[in-house]
Amino acid sequence: MLLTTHSDGSGGSVLLEVRGGGSADCDWARLPQELLLHIFQYLPLLDRAYASQVCRGWNQAFHMPELWRCFEFELNQPASSYLKATHPDLIKQIIKRHSNHLQYVSFKVDSSTESAEAACDILSQLVNCSLKTLGLISTARPSFMEVPKSHFISALTVVFVNSKSLSSLKIDDTPVDDPSLKVLVANNSDTLKLLKMSSCPHVSPAGILCVADQCHGLRELALNYHLLSDELLLALSSERHVHLEHLRIDVVSENPGQHFHTIKKSSWDAMVRHSPKFNLVMYFFLYEDEFGPFFNDEIPVTHLYFGRSVSKEVLGRVGLHCPRLVELVVCANGLRPLDEELIRIAKHCTQLSAIGLGECEVSCSAFVEFVKMCGRRLSQLSIMEEVLIPDHKYSLDEIHWEVSKHLGRVWFPDMMPTW
Amino acid sequence: MGVNTIHWFRKGLRLHDNPSLRDSIRGADTLRCIYILDPWFAGSSNVGINRWRFLLHCLEDLDASLRKLNSRLFVIRGQPTDVFPRLFKEWQINRLSYEYDSEPFGKERDAAIQKLANEAAVEVMVQISHTLYDLDKIIELNGGQPPLTYKRFQALINRMDAVELPAETITCEVIKKCATPIGDDHDDKFGVPSLEELGFETEGLTTAVWPGGETEALMRLERHLERKAWVANFERPRMNANSLLASPTGLSPYLRFGCLSCRLFYFKLSDLYRKVKKNSTPPLSLYGQLLWREFFYTTATNNPCFDKMDGNPVCVQIPWDRNPEALAKWAEGRTGFPWIDAIMSQLRQEGWIHHLARHAVACFLTRGDLWISWEEGMKVFEELLLDADWSVNAGSWMWLSCSSFFQQFFHCYCPVGFGRRTDPNGDYIRRYLPILRAYPAKYIYDPWNAPEEVQKAAKCIIGVHYPKPMVNHAEASRINIERMKQIYQQLSCYRGLGLLATVPANPTNGPSGSNVTGVNTGTSQGPGGSSEEQYVQEGTSRTGTQQLLHLISFHVLFTFEETSSITFLKTCFIPRVFKKR
C-alpha cells in the first residue's frame, strides 16, 4: 500500500492518498501505527485529540511517545489574558502518561502570578523527564519574578537534576540564582549548548562564570551586562571551549546616572580570535548620559540596538569602533541631523546590511550618499518617513527613486498613518 | 401617483456633492430628508458628549440649510428596520436614497433596508460619495484582495481611473418643484434634539472647539487652502509645539461625518497645486490624509472582524495583557507621564489630538509600555475622538500597535523624550495639566526626577498632587520589544539574529518553511544555524490549540476570502436613554 500525504502547509487539512494494496476496501481502523504516526504529526493537537476519539487503534496512536516529544504549556488566566490556556485535564494526562516522553518543553505564561506558579507546579512534577530543551517564556509582564523564589528554584532544580542532558535553556526574567546554576552545571555540563538568561537579577558574575568554566559546549549565551566580565570572555575563549556562535548582552539602566564597568579590548580580541564568526548582539536601554564607558575602543559587536535616545556623539563613536557591525537600529536620537555619523558608518562598517532609524533626522542628500556607499548589501533599510529632511537636492517624492536605484529594488520609507 | 422620496442621511451630512440626494430629487414630487437616531456608530453606543454635540451641530446645520430651500430635516427616533416600513406607509414613499456605506455593519444594515424597500415597492438609489473611489474596484484591481500595505495601495491608486467630480450642490434650482410637506408640529415630532434631551449633563460644558456642520466645514476648507497657498509649500509640515493645538483649518472630523466631501477637498487641493506650481502633476503625497482614510476603508470593507484581534485574518495574535486598572489610568490621563496625560486630557476635553500625539499614546498603551490590547484603546478613541470612524480607527490602532500591515516595531515613542523634543518649553503640558503649570521646562516631562525643593516650589508633590509614573519605561520597553520579537519570529519563520528581518516586508514573501504550525516530529534537527533556531522549531508552538490556527501564515493572507457568514449584528446595543418628549 502506498500512502502519500499532502498537507496544505498551514496545519489545516491533510489529504490522504492511498494506492494499491489489492483489496478494494481500506480498513481505516487497521492502518499501521507508523502510518498513523506520520499522519498525526501533521495534525494540530486539537484535531489529533478528536481523531483519538474515533476508535481504539487511533486512540493508541494518539498516545505514542513520538507525538509527545514536544509540548508547549500555555498557562493563562481569563482575568489577565485574552488567549486560551492548555486544558488542565490535558496537563494532568501528560504528566501521568507522557512525562517520560517529553524532551522539548516550553511554558508560556501570562502576567498573572498564578500562571507562573502553575508552571512551577508542573515543572516540579517532571521527575521522570529527560528534557533536552526547556523554555520559560513570559508573554506579557515577567510573572516568574512574582513567584516566591524558593518555590521557583526548587521546581527548576527538579528539572536540572533529573534531565542530565539539557541542551537548551531559556530562563529570561526569572529569579534563578547562583546555587541553582551550580546544580545545572553539575548535571548538564556536557550537553548544555544554549543558555538564555537576560534580566535574571539574582545571578552574579561569579555564577555565570561557573557556567562558562564547566560547560564547554556552550554556543549561545544571553545575559545582562552586569554579568559580563573579562574573566567570562576569557573563559568562553579558552582552548577547551567550543566556538561561540551567539552572545547577546542587554545593557539596562536601573537608575539614571548608573555607572557601568568597562570590558578590556583584549578580552574582546580573545573572543574574536577564538570564535572569528561569532555574533555579538547588544541591546542598549540607557539614558543619553550613561554611554561614557561604551564605544571608546574597538568592540566586535554585530547587531546593535539602541532602545532609547542615543546621542549623535555616541553614534559617531559607533562608526569608528564597530567594524563588524551588521545591523544597527536606532529608536531615537533627537533633532540634530545624523549626516556625518551615517556616512562614517557606511565607510567603516563594511558588513552593514540592515539599518533602522526611528525618531531621528537625516538630510535627504546625506541619506542618498549613505545608501550609495553601502550599495546593494543593504538588505534591510527601515527608515521612518519623518526622519528624512528634504533639502535643495532632493524632495521626499524624489528620494525614494534615488534610493531604489542604488539599492536595486523598490524602496519606500516606513510610514505612519496621518488622520 | 407622484414620486414621494426619502433621503436618508447617515454620514454625508451635507448638500454639496451629494449625488444620491440629487438623483433622488429628479422627478420627485415630495422630498423628505431624514436622519434616524439609532446606535449609528457601528459597534457600540460608546459615544462621548463631544461626538454627540458635533453630530447635533451637523444636524442643526443641515436643518438650517434645508430651511433655505423650503424644506426641513426630519429627525426620527428608532431602529431603521422599524422606522422604514412605517414611513413607507405613512408618507406613501416610492423612492429611497442614501449615500453608500462601505463598512461591513453598514452594508448589512443597508441590505436589510433594501429588502424592506423591495417588499414595499420602493425604488432605492445609492451613490458612492463618502470615498474618493469605488472601493470594490480597488479590491478587484488587486486580484480580489484588499491591499495590505500602504505602498501597494498607492500603486493601485495610480492605476485607477480619475476620481469622479463632485456632484452639483443642492439649491433651489435643483429642487425646482419638489416640495416638502411640513407640519406645524414638525419641531416637536422631528426637530433636532438637544444634548439635554439626549440625557447629557451640560452644566460646565465649555464651548465646542470643533463646531460641527457643513457651513463650518466649507469655511474651514477655504481657510485651509488659503493657508496652503500662502505658504506655497505642499511639503509635509514640520512638527512643532503649535501643531499640537486644535487648528481652525483642521478638517478631519468634517470628513468623517461627511460635512465636507472628500472629493471636493481632493479637487480643490489639485486645483490649488496646479495654480501654485504652474500646472505640474500633483504627487500622491499631496492627498496623504485622504488616501490614508481611503486605505483603511478599503482594507475594512469586506472584513466584519476588522475591529477585533480574534478571528481577524489580517491581525497578528498578540498575547496582550488584560489590566483594567492600567487601562483606566491611561484613558483618564493618570499615568504619571505628563506628556501622555496632557494628550489624553486634550482628547477628552476637545475631541481631537494631533496624529503624532495619537502615535505617542497608542504606542504607550500597546507595544511601548502597558502591553494592553489595541482594541481597548480603539474603544476609548471611539468614545472621545471626533474623527474616529470604525474603519479608520480600527485600522490605525492595528497599525500603531504593530498588529498588522507589516509594520516594523523597533521605534518606540518615549513618553518623556518624544514630548520634550516636540515642545521643549512644555507649554502644551501646562495648558492641559494645570496642576503642573509651575514646573520648569527642565522637569515638566519627568517631574518625578525633580528635587524636592522644585516640587515644593511648584506646589505639586509627585505622588500626592500628581501621580508617580505608572511604569518604568526603560524596563517596560525592553520587555515589550522582546515580546514583539518573539511573536514576529514565530510568524515569519525567521531564525536569524536581526530585529528588522523578523517583520516580513509584504505579503508576497511566502513562508520559507512549513514550521508555523503542524509538523511535530520532535526529532528533526534544524537546517543548520543556531541552536536557538532548533530550539524555536522544536520546543514551541506545538500544542495545536485553537490559537495556533490563527497564527498568520502568509498562505492564509493570500487565501483570505470574504466571510460569507456575517453574523447578523442585531441592533441590540443599549441606546442612550432619551428623555421622554
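Using the three backbone atoms N, Cα and C, a Cβ is placed for every residue, glycine included.
What TrEMBL lists as FAD binding site is B:Gln289, B:Leu290, B:Leu291, B:Trp292, B:Arg293, B:Glu294, B:Phe295, B:Phe296, B:Asp387, B:Ala388, B:Asp389. Taking Cβ-Cβ distances under 8 Å and a sequence separation of 6 or more, the neighbours of B:Asp387 (FAD binding site) in its chain are B:Ser252, B:Pro253, B:Leu255, B:Arg256, B:Trp352. When secondary structure is read from DSSP and collapsed to three states, B:Asp387 (FAD binding site) falls in the coil class.
The compositional bias 'Polar residues' annotation in TrEMBL covers B:508-524 (among others).
If you look up TrEMBL, you'll see B:531-540 (among others) marked as compositional bias 'Polar residues'.
According to TrEMBL, the feature domain 'Photolyase/cryptochrome alpha/beta' maps to B:3-132.
Annotation comment: TrEMBL describes B:508-540 as region 'Disordered'.
Per TrEMBL, the feature site 'Electron transfer via tryptophanyl radical' maps to B:Trp320 (among others). A C-beta separation below 8 Å, combined with a sequence spacing of at least six in one chain, links B:Trp320 (site 'Electron transfer via tryptophanyl radical') to B:Met309, B:Thr366, B:Trp371, B:Ile372, B:Ser373, B:Trp374.
Taken from TrEMBL, the feature site 'Electron transfer via tryptophanyl radical' applies to B:Trp374 (among others). Following the DSSP three-state reduction, the secondary structure of B:Trp374 (site 'Electron transfer via tryptophanyl radical') is helix.
According to TrEMBL, the site 'Electron transfer via tryptophanyl radical' annotation covers B:Trp397 (among others). According to DSSP, B:Trp397 (site 'Electron transfer via tryptophanyl radical') is assigned to a helical segment. The Cβ of B:Trp397 (site 'Electron transfer via tryptophanyl radical') lies under 8 Å from the Cβ of B:Ala362, B:Thr366, B:Trp374, B:Glu375, B:Gly377, B:Met378, B:Phe381, B:Ser403, each of these being in the same chain and 6 or more residues away along the sequence.
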Subject >> Chain A, Cβ under 8 Å: which of the recorded positions B:Trp374, B:Asp389, B:Trp397 qualify >> reply: none
Original post:
For the domain 'Photolyase/cryptochrome alpha/beta' (B:3-132), what does DSSP give as the number of helix, strand and coil residues?
Top reply: 53 helix, 29 strand, 48 coil
Original post:
What span in Å does the FAD site cover, taken as the longest CA to CA distance among B:Gln289, B:Leu290, B:Leu291, B:Trp292, B:Arg293, B:Glu294, B:Phe295, B:Phe296, B:Asp387, B:Ala388, B:Asp389?
Top reply: 16
Subject >> Local backbone state of B:Arg293 (FAD binding site), from DSSP in three classes >> reply: helix
Original post:
Just checking, which of B:Leu291, B:Phe295 (binding-site residues) has the fewest C-beta atoms within 10 Å of its C-beta?
Top reply: B:Leu291
